Amino acid sequence: MSKVYDWFQERLEVQALADDITSKYVPPHVNIFYCLGGVTLICFLVQFATGFAMTYYYKPTVAEAFSSVNYIMDEVSFGWLIRSIHRWSASMMVLAMILHTFRVYLTGGFKRPRELTWVTGVLLACLTVSFGVTGYSLPWDQVGYWAVKIVTQVPSAIPVVGDLIVEFLRGGAGVGQETLTRFYSAHTFVLPWLTVVFMLMHFLMIRKQGISGPL
């Protein structure tokens with residue numbers, strides 16, 4: 001084992017990296033509420049793993065989406081557990097994100113020089129809500145269908161470009177297969193990649209600037 005370690009140490013200096021990760025100074029005022037960002041990250045990782053597992057069985061078509069979800073729940077081994085964990089962790093992620101945002105705001109963590117950290121955090125909050133909106137529609141049941149219809153109709157109130165936004169979100173004039181395809185693509189590809197990018201930026205800035213001091 002030591003030979004493997006020595007091989008990596010010689011080439012990558014892994015000990016210096018490990019020391020940097022494990023020896024970061026933590027201010028004495030930090031309490032359990034400062035862990036809410038980490039809880040949000042853990043929920044995202046659980047979402048990623050369980051969501052990836054369900055893509056093996058889910059069929060993103062208006063004719064088969066609902067039946068494929070039922071198949072996951074009733075026929076796939078532990079499918080009911082995987083989907084339930086996905087739903088529970090989604091709710092927990094939203095809750096942790098909201099509490100984390102309030103904690104940062106109330107403790108002044110958004111102030112100079114951490115403005116960009118706050119901006120990336122707000123963008124991550126928007127992405128989290130977008131996950132909920134797009135994921136809610138994927139079973140394509142009555143609740144999901146009408147939720148999509150209402151949500152995609154909201155931008156129509158915007159002057160000039162409102163109707164164009166609605167058509168872009170729906171993939172056409174009405175809600176149908178094109179809408180489900182776009183929401184599925186956003187939920188499983190676009191939003192996860194954007195979240196990873198902004199999370200990386202968020203964490204790198206936190207590592208660079210450290211945790212904000214007490215009020």
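Count begins at 1; order follows the chain as displayed.
Even glycines carry a Cβ here, placed using N, Cα and C.
Cβ contacts within 10 Å of C35 (heme c binding site), excluding its own Cβ and spanning all protein chains shown: 14. When secondary structure is read from DSSP and collapsed to three states, C35 (heme c binding site) falls in the helix class. The heme c binding site annotation in Swiss-Prot covers C35.
For H187 (heme b 2 binding site), the number of other Cβ atoms no farther than 10 Å from its own Cβ, over all displayed protein chains, is 21. Taken from Swiss-Prot, the feature heme b 2 binding site covers H86, H187.
Annotation comment: Swiss-Prot describes H100, H202 as heme b 1 binding site. Remark: H202 (heme b 1 binding site) has T117, T120, G121, L124 as non-local neighbours, by Cβ distance under 8 Å and separation of at least 6 in sequence.
The transmembrane segment feature in Swiss-Prot is assigned to 32-52 (among others); the stated evidence is sequence analysis.
Long-range contacts of the transmembrane segment (90-110) within its own chain (CB-CB distance under 8 A, at least 6 residues past either end) are made by residues 33-34, 36-37, 39-40, 43-44, 47, 117-118, 121-122, 124-125, 128-129, 131-132, 135, 212, 214-215. Taken from Swiss-Prot, the feature transmembrane segment covers 90-110 (among others).
Residues or ranges marked as transmembrane segment by Swiss-Prot: 116-136 (among others).
Feature annotation from Swiss-Prot assigns transmembrane segment to 186-206 (among others); the stated evidence is sequence analysis.
Most Cβ neighbours within 10 Å, among the binding-site residues H86, H100: H100 holds that distinction in the structure as shown. If one looks beyond the transmembrane segment (32-52) by at least 6 residues along the same chain, the residues whose Cβ comes under 8 Å of a Cβ in the stretch are 82-83, 85-86, 89-90, 92-93, 96-97, 99-100, 103, 128, 131, 187-188, 192, 195, 199, 211. Neighbours of H100 (heme b 1 binding site) among the binding-site residues C35, H86, H187, defined as a Cα within 10 Å of its Cα, are C35.
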